[in-house]
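Everything on this sheet refers to the single structure shown next.
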Amino acid sequence: MSNFSNQIRASSALITRFKRLREFQFCSNPVLMRSRSFTTTEGHRPTIVHKRSLDILHDPWFNKGTAFSFTERDRLDLRGLLPPNVMSTEQQIERFIVDLKRLEVNARDGPSEPNALAKWRILNRLHDRNETMYYKVLIANIEEYAPIVYTPTVGQVCQNYSGLFRRPRGMYFSAADRGEMMSMVYNWPADQVDMIVVTDGSRILGLGDLGVQGIGIAIGKLDLYVAAAGINPQRVLPVMIDVGTNNEKLLKDPLYLGLQEHRLDGDEYVAVIDEFMNAVFTRWPNVIVQFEDFQSKWAFKLLQRYRCTYRMFNDDVQGTAGVAIAGLLGAVRAQGKSMIDFPKQKIVVAGAGSAGIGVLNSAWKTMARMLGNNESAFESALSQFWVVDAKGLITEEREYIDPDALPFARRVKEVNRQGLREGASLVEVVREVKPDVLLGLSAVGGLFSKEVLEALRGSTSTRPAIFAMSNPTKNAECTPEEAFSIVGDNIIFASGSPFKDVDLGNDHIGHCNQGNNMYLFPGIGLGTLLSGSRIISDGMLQAAAECLAAYMTEKEVLNGIIYPSISSIRDITKEVAAAVIKEAIEEDLAEGYRDMDARELQKLSQEEIVDFVKNNMWSPHYPTLVYKND
Ligand SMILES: NC(=O)C1=CN([C@@H]2O[C@H](COP(=O)(O)OP(=O)(O)OC[C@H]3O[C@@H](n4cnc5c(N)ncnc54)[C@H](O)[C@@H]3O)[C@@H](O)[C@H]2O)C=CC1
Ligand SMILES: CC(=O)C(=O)O
Ligand SMILES: [Mg+2]
C-alpha cells in the first residue's frame with residue numbers, strides 16, 4: 001500500500017515538474033499566452049463546493065471527469081478515483097466524439113435510425129456524468145446533434161422511453177398526486193428555476209398520445225433552451241403531468257412507466273393542471289412555463305385560462321405561429337416582392353389543430369394589420385385562407401366546427417363559385433385555388449402526394465412555397481426531393497424536421513429550410529426572463545416573429561433560404577430575446593431582471609439591450625472548485 005502510494009507520489013511529482021516546465025515555456029511565448037486564457041479557467045471565480053470524493057464525480061454539475069487537475073484531485077480527495085492521465089477539455093471532447101462516430105463507421109448501411117437512438121443514449125450518458133461537457137459538445141456541434149436531442153430522434157426516444165429510462169431527469173406530477181403538489185415542488189433541489197417545459201404527453205410531435213414517455217420532449221426542448229438561449233442548466237426543469245393515457249398499447253404494456261388508466265378529462269383534468277401551476281409559481285414566482293405538445297382540445301383552453309395570470313405560453317400554438325409567419329414573409333420576399341404584398345398570398349393550410357389554427361390566426365392578424373387593421377381589413381384577409389382537415393375543406397356547411405377553426409370556415413356560395421364544396425379533398429382545393437403557399441400541419445406523412453404536388457404546378461405564384469411542417473421526419477407531408485422534382489426547381493421549401501438540401505444538377509441546390517419553432521421559443525423564453533415581464537403579450541410574440549423574418553438577407557431569401565442555419569441559433573436567439581425585451585419595455589410590461597431594474601432597462605439603446613442579453617447567456621466552462629465545509 002505504502003509502496004503504491006510512494007510510486008503514485010513520485011510519478012505525480014515528476015508530472016508536476018514536467019507541467020511546470022511546460023508552463024514556463026508556455027508563459028514565455030506571448031502567442032501561446034494569449035491563447036491560454038481561452039483554455040484555462042483563469043478569470044472565473046472559484047465555485048465553493050460542499051462535497052468531495054465520489055460525491056463530486058457523481059454530480060454532473062461539478063464533475064469534470066478526467067479533466068480534474070492534480071492539485072484539484074488532492075484538494076477534493078479524488079486521487080486514485082480517476083485514471084492518472086489529466087485530459088484537457090478538448091481531449092475529452094475528441095475522445096467522446098470518436099466514440100460517437102465509431103457507430104457510424106460500424107453501421108453496415110450508413111447512419112440509420114437505431115444509430116440515432118444509440119447516439120442519443122451516448123449523449124444522455126454524458127449528460128449524466130458531466131453536464132458542462134455535454135453542453136459544450138451540443139453547442140459546438142449543434143447542427144449535428146440537434147436532430148438527436150430534438151426532432152426527429154427525440155420522437156423515437158419518447159416512443160421508447162420506458163426502455164431508455166436510466167437516471168431520472170425532471171419532475172413527474174401525476175393524477176395520484178392531487179393535493180400534494182404544493183409540497184412536492186420542494187423536492188426539486190434548485191431554489192431557482194427559470195424555465196419549465198411541461199407536457200401531458202397527449203400529442204407528442206405527430207406521434208400521438210405517448211403518456212408519461214412524453215417527458216422526452218420537455219427534456220429535448222430544454223436542451224435547446226440551454227444550447228440556444230444560454231439558460232443556466234441548473235435552472236431548467238422538465239415536467240411531465242401524468243393524467244393517464246388513452247394509448248391502448250401503453251395501457252397494456254407491463255414495462256410502461258406511467259399511470260395505467262385512461263386520461264382524466266373535464267374539470268378533473270383542469271384541476272390537476274391548476275394545482276400544478278399554483279404550486280410551481282408559489283415556489284418559483286419568476287419561472288416561465290412553456291406548454292408543449294398538449295392535444296389541441298386542451299392547448300387553446302389552457303392558454304386562455306393562464307396567459308393573463310401567469311408567465312406562460314404555448315409553444316405549439318404561439319411559437320409555431322411566429323416561425324410560420326417569418327417563413328411566409330420570407331416566401332413573399334423570395335418572389336422578389338415586398339413583405340407588404342403578403343395580404344395578396346393565397347394560402348392553403350392542411351391541418352386545423354393547435355399548430356394549424358395558431359398559424360392561421362397569426363397570419364390572418366398580420367395580413368389585417370397590413371391592410372389597415374379595421375373590420376374590412378380582417379374580412380378581406382380571411383378570404384386568403386382555405387383550411388383542409390381530416391374531413392376535407394372546412395366550410396360553414398360543416399355540422400360541427402371547432403370554435404377555434406370557425407373564423408376560417410369558408411362561405412358555401414363562395415367556394416361553390418370556385419368549383420369547390422364542403423369537404424373537398426386537398427388535391428381538389430389545390431387544383432382550384434392555385435395557391436401561392438401550401439402549408440401542412442396535419443401530422444400525416446406523405447399527405448402532399450404526387451397528385452397534390454402536381455396540382456400545385458398550376459399555382460399562380462412565380463415561386464410557390466411548400467411548408468411540410470409536421471414532425472418527426474416520417475410525418476412530414478412530403479420530402480424536399482418530391483417537392484422539387486414534381487413542382488419545380490424554383491419553389492421555396494421548408495420542413496419541420498431537418499432534411500438535406502437537394503442537388504438539382506447543373507450546380508444548383510434546392511434549399512431545404514427547417515421551419516421549426518426552435519427558432520423562436522428559446523428567444524421568447526430568454527427575452528421574457530430578462531425583461532421581467534409578468535406575462536407574454538401578443539406584441540412580444542409578434543416582435544419575436546418579425547425579428548426572425550428580418551434576420552435573413554435579401555440575397556439569402558432570393559436564393560430560397562428563408563430560415564437561418566441552425567449553426568447560428570445562438571445568435572438568432574440573442575436577437576429574438578432582445579426584440580422581445582424591447583417590446584416588453586415599449587408596452588410598459590418590463591419589470592427588470594436582477595440589477596437591471598425597469599428604469600435602467602428603459603434607458604438602454606438597441607445595442608445595449610443586445611449586450612445585456614449576451615452577457616446573461618450561460619456558456620459551459622469548468623470553474624475552479626474549492627471545498628468549503630459548513
Ligand atoms: N414545425 C413545427 O415547428 C411544428 C410542427 N408541429 C407539427 O404539427 C403537427 C400537428 O400538430 P397539432 O396541430 O397539435 O395536431 P392535431 O392532431 O391537433 O391536428 C392535426 C390536424 O390535422 C388534421 N388532419 C388529419 N388528417 C388530415 C388529412 N388527411 N388531411 C388534412 N388534414 C388532416 C386533423 O383534422 C387536425 O385538424 C404535428 O405533426 C406536429 O409535430 C407542431 C408544432 C410545431
Ligand atoms: C416542433 C414541435 O413543437 C412539434 O412538432 O410539436
Ligand atoms: Mg411541440
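In case you wondered, yes, glycine gets a Cβ from its N, Cα and C as well.
Together with E292, D293, the divalent metal cation site in TrEMBL holds one more listed residue from D274, D316, which is D316.
Site annotation (TrEMBL, ligand (S)-malate) includes R203, N516; from N130, N141, N278, N471, the additional listed residue is N471. A Cβ distance below 6 Å to any atom of ligand 3 is met, among the binding-site residues R203, E292, D293, D316, N471, by E292, D293, D316. Checked against ligand 2, the recorded positions K221, D293, N471 give D293, N471 in sequence order as having a Cβ less than 6 Å away from one of its atoms.
Nearest by CA distance to E292 (divalent metal cation binding site), out of the recorded positions Y150, K221, N516, is K221. Of all the recorded positions given, namely Y150, R203, K221, those whose Cα is no farther than the 10 Å limit from the Cα of D293 (divalent metal cation binding site) are R203.
Rounded to the nearest whole angstrom, the C-alpha distance between N471 ((S)-malate binding site) and Y150 (active site, proton donor) is 11. Taking every pair among R203, N471, N516, the residues recorded as binding (S)-malate, the greatest CA to CA distance is 17 Å.
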